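Asker: As listed in TrEMBL for this protein:
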type	residues	note
DOMAIN	42-291	domain 'G-protein coupled receptors family 1 profile'
TRANSMEM	28-50	transmembrane segment
TRANSMEM	62-88	transmembrane segment
TRANSMEM	94-122	transmembrane segment
TRANSMEM	142-160	transmembrane segment
TRANSMEM	200-223	transmembrane segment
TRANSMEM	244-262	transmembrane segment
TRANSMEM	274-293	transmembrane segment
Amino acid sequence: KMFISSNHTINKFVLLGLAESPDVQLPLFGVFLLIYVFTLLGNVGMMTLVGTNPHLHNTPMYFFLHHLSFTDACYSMVIMPNMLVSFISRNKDISFAGCVAQLYSFVFFGIVECYLLAIMAYDRYAAVCSPLRYVVMLPKMVCVWLVSASYLLGFLYAAIYTGCTFGGPFCNSNVIDHFFCDIGPLLKLSCSDRFLREKVIFAFVSLNGISTSGIILISYLYILSAILRMRSVQSRSKAFNTCASHLMVVSLFYGTGFFVYLQPSTSHNGLDKVVAVFYTLVTPPLNPIIYSLRNREVKEAFMRHMK
């Protein structure tokens, strides 16, 4: 479907990217290609490790981690390939249908990630605060239901966000001041009154963000309380360091996301692109490191896998 305004049909958009200077395109290509390869290796490696190890796959934490790794890999693939091509090519075009698909996929995996992070925080709460009831609190069917619900909510919310973003005609300009098709930059190109659509998006972003970040915050407050009651200094230090690492990644993901999406489209500026790099391209390769390399079971499974 195309939108027509002032006798002009928009059938493609032009993504300006991170920087317009020709001198920085090749260095940026090298940096982000390295990040992309690292993201895929880390997350696909984690999926393979969990998927081929029955013990890990049947443990709630790693079952959720498997899906988080899948989400992160897909999340990165939605944006990175097109971005990398634009660095070494003068063609920065993306078709109208491609832009719709990119936005929908980006929002879908972003929403799923939010809910998976919340579920994993609750999982850690159950493991640390109620270790004897851990299996009872998170049986296999509950884990499957929670993950399925995350994908379903991602599907529904992505449809709402995409519908609101593309729910009106665009002006003659088809230039998007961003490195991917995002909600704010697209709404700025809209000719029609976007007030209601912005309010709907703001309401659902607030609902998703506050509910999932609230679960994470409350879970980690209980975990912190349990850690402070531990008698062993070594155990307390290890648990605290792990929680701090998890919270660092979650804070980076949510903090930058809130900064971009909880402001009107008229307030968006060039800083948004820099901030967007963190929640779209930096956190996906960090998750497998934070959730695995400091974990003894994953290290042991990896060594067995390498033999």
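Including glycine, each Cβ sits where the backbone N, Cα and C put it.
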Asker: Who are the chain neighbours of the transmembrane segment (142-160) in space, where the CB to CB distance is under 8 Å and they lie at least 6 residues beyond its ends?
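Answerer: The answer is 60, 63-64, 67, 104-105, 107-112, 115-116, 119, 200-201, 204, 208.
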Asker: With pairs restricted to those 6 or more apart in sequence, evaluate whether the transmembrane segment (274-293) and the transmembrane segment (62-88) have 3+ C-beta pairs under 8 Å.
Answerer: yes
Asker: Report, as numbers and ranges, every residue of the chain located at least six residues beyond the transmembrane segment (244-262) whose Cβ falls under 8 Å of a Cβ in that stretch; write 'none' if there are none.
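Answerer: Sequence-remote neighbours of the transmembrane segment (244-262) are 110, 113-114, 117, 121, 124, 182-184, 201-202, 205-206, 209, 213, 216, 220, 268, 272, 275-276, 278-279, 282-283, 286-287, 290-291, 294.
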Asker: Going along the chain, which residues at least six beyond the ends of the transmembrane segment (28-50) come within the CB cut-off of under 8 Å?
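Answerer: Same-chain residues near the transmembrane segment (28-50) but 6 or more away: 18-19, 56-57, 62-63, 65-66, 69-70, 72-73, 76-77, 80-81, 83-84, 87-88, 281-282, 284-285, 287-289, 291-292, 298, 301-302, 305.
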Asker: Suppose you look only at the domain 'G-protein coupled receptors family 1 profile' (42-291); what would the mean pLDDT be?
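Answerer: Average per-residue pLDDT within the domain 'G-protein coupled receptors family 1 profile' (42-291): 87.
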